[in-house]
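Colleague: Reproduced below are the annotations present in Swiss-Prot:
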- Asn241, Met270, Tyr299, His335, Ser355, Arg356, Gly357, Asp396, Gly397, Leu398, Arg399, Glu435, Tyr462: substrate binding site (BINDING)
- His439, His503: Zn(2+) binding site (BINDING)
- Cys583, Cys586, Cys591: [4Fe-4S] cluster binding site (BINDING)
Amino acid sequence: MSNTAKKSSRRETRAAASEYIYNLTGQPFPNSHKVYVEGTQNNIRVGMREITLSDTYIGGSDENPVYEPNEPLRVYDTSGPYTDPNFKLDVRQGLAKFREQWIESRGDTELLESVTSRFTQQRMADEGLDHLRFEHLPKIRRGKAGKNVTQMHYARQGIITPEMEYVAIRENMGRKKIHAELLAAQHKGESFGASIPDFITPEFVRDEIARGRAILPNNINHPETEPMIVGRNFLVKVNANIGNSSVSSSIEEEVEKMVWSTRWGADTVMDLSTGRYIHETREWVVRNSPVPIGTVPIYQALEKVNGVAEDLTWEIFRDTLIEQAEQGVDYFTIHAGVLLRYVPMTAKRVTGIVSRGGSIMAKWCLAHHKENFLYTHFEDICEILKQYDICFSLGDGLRPGSIADANDEAQFSELRTLGELTKLAWKHDVQVFIEGPGHVPMHMIKANMDEQLKHCDEAPFYTLGPLTTDIAPGYDHITSGIGAAQIAWYGCAMLCYVTPKEHLGLPNKEDVKEGLITYKIAAHAADLAKGHPGAQERDNALSKARFEFRWHDQFNIGLDPERAREYHDETLPQESGKVAHFCSMCGPKFCSMKISQEVREYAKDLEARGIDPANAADTITIKMIDVEAQMKAKSDEFKKTGSEIYHKAI
């Protein structure tokens, strides 16, 4: 009976996902709409979310109230066309290839007659897979012979590409339009040596990419992506992981999770599928993704040898790279730093090697007693990646899986090797970022950032958390969010989210949202701490709305308007609760902000009476004297009328 129930539940989940993705409409957030800022070259239109705010009541009478308008607030938006009702969405067709013209105009790529990966050729010839296939497959593009088509290569030639101008506009989020002094106010941050400018220019973007301090992940076979940038001098980014396994999920569910992730703020998405139909799932995901897609190619290579790590070969892995490059994957996690001599260093760990990719390569090294073929063939991998503009995400295969193992010899030995490989990739003008831990207690986190900056020459750092304690299964989005905020403040450029299901199971749609909101909080907190220009505008706008009891604006400015509204309405569901000058926590008589407003009004009254309210002590004393005088007058009145509670009507 239980098996039947399980099957029914999985069918229902898949059916719900199908219903969602096949009936998508551009659904904006409440009181929000898409605005597009135009660039100077090649039809650049950068989408942002603009939140319309209600007016502030500033006085007047009940009959003639006086209001002051609040200017709209622009926020960074990762959702692409999925929140724009003006776009016709059809996942069977995929998204518009708006970068295609930019790629073609450079003249350094060519269209191939057909796919060149042997594995893809076999899949295409299998008619049994026709019902799963993405129908409208694009033509494959590759760099012409002898051409390097990476954004780093262009940057080092002094070329500002449309993609670079796009991200400059995107990072600034229309801040020049902000006129309110209150919204622009910001605390001075501590950036720990970062070089964050007041305003991001296309030239600054070019220079950061040329120096290797930032990456712009955009495979030429993924023209549907909206360009974004990862680097310590830019806004902190967040990655969401999706992916099926041999026991869970379907193509429909993974596409749903990708779309859902971009709605809730995923700057990139990693497809970590390990089950059946990896190739077909990835095609659907890439064709419908407005954000860069990353993968761990060794996972699929392992599937091709039936899960036997010892049977992996360079030839199988190389074909997997080409297969995924031709599909449009934007960055590859490559565990090239797991060297044979480092594996014994993990023997005394509490949790050993916890990285899937790391454990696969460690097993291969020990079985053959040879050096990691990802390391020995690293320059061959560079040659492939620069033909498609794919970024290296150098994997931390020896990351600590428990706080007991944090910052040990194995972890930092691998990190030093990743630094060497970074410089080798840069010789080929291939973009690189570095993956980091893991499980690290708070007092040991900064050492990770310092070591990474030292050995990897400021290449962007990308960490999974880190988790700051191991005692909270089911709440590891919180244990890791703490560490994520901290390491991002120190300079980590992108955070890989952790969901409540970490260590327990594959996340569902709601887990994805929970993890993303947690990590958007961590990323934003780090931007504030670094003093990133404009980071505080959203906080200021929400605080102003909160003080003025503009409840709808409070909900809509927040990261999760749905939950904020839901929590408020649990106790004050009526529409009158949305204009009330209190919430259910304090009630009408004890609301600190309501009392603060009354104090402000009282200060205005004092000014009108010629009393300086700047002297707080005098103000409080005067108010107390006024209150005491009024109370005494009422007491005298009560006594004069006979000290009776009730009186007969006259």
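Counting starts with 1 at the first residue shown.
Heads up, the Cβ atoms here are built off N, Cα and C, so glycines get one too.
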Colleague: Are there binding-site residues among Asn241, Ser355, Gly397, Arg399, Tyr462 that sit within 10 Å of His439 (Zn(2+) binding site), Cα to Cα? If so, list them; otherwise say none.
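Modeller: Of Asn241, Ser355, Gly397, Arg399, Tyr462, within range: Arg399.
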Colleague: Would you find the one among the binding-site residues Tyr299, Tyr462 whose Cβ has the most company, meaning other Cβ atoms within 10 Å?
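Modeller: The largest 10 Å Cβ neighbour count belongs to Tyr462.
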Colleague: If you count the C-beta atoms lying within 10 Å of each candidate's C-beta, which of the binding-site residues Gly357, Gly397 ends up with the smallest number?
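Modeller: Relative to the other binding-site residues in Gly357, Gly397, Gly357 has the fewest Cβ atoms within 10 Å.
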Colleague: Around His503 (Zn(2+) binding site), how many other CB atoms lie within 10 A of its CB?
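Modeller: Around His503 (Zn(2+) binding site), other Cβ atoms within 10 Å: 13.
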Colleague: Taking only the Cα atoms, work out how far His503 (Zn(2+) binding site) lies from Ser355 (substrate binding site), in Å, as a whole number.
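Modeller: Ser355 (substrate binding site) has its Cα 12 Å from the Cα of His503 (Zn(2+) binding site).
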Colleague: Using DSSP and collapsing to three states, where does Tyr462 (substrate binding site) fall: helix, strand or coil?
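Modeller: The three-state answer is strand.
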Colleague: Non-local Cβ contacts of Asn241 (substrate binding site) (under 8 Å, 6 or more apart, same chain)?
Modeller: Val269, Met270, Leu272, Cys496, Tyr497, Pro507
Colleague: Within 10 Å of the Cβ of His439 (Zn(2+) binding site), how many other Cβ atoms are there?
Modeller: 26
Colleague: Which residues does Arg399 (substrate binding site) neighbour through Cβ under 8 Å, counting only same-chain ones at least six apart?
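Modeller: Once residues fewer than 6 apart are set aside, Arg399 (substrate binding site) is near Val354, Ser355, Gly358, Gln411, Glu435, Gly436, Pro437, Gly438, Leu464.
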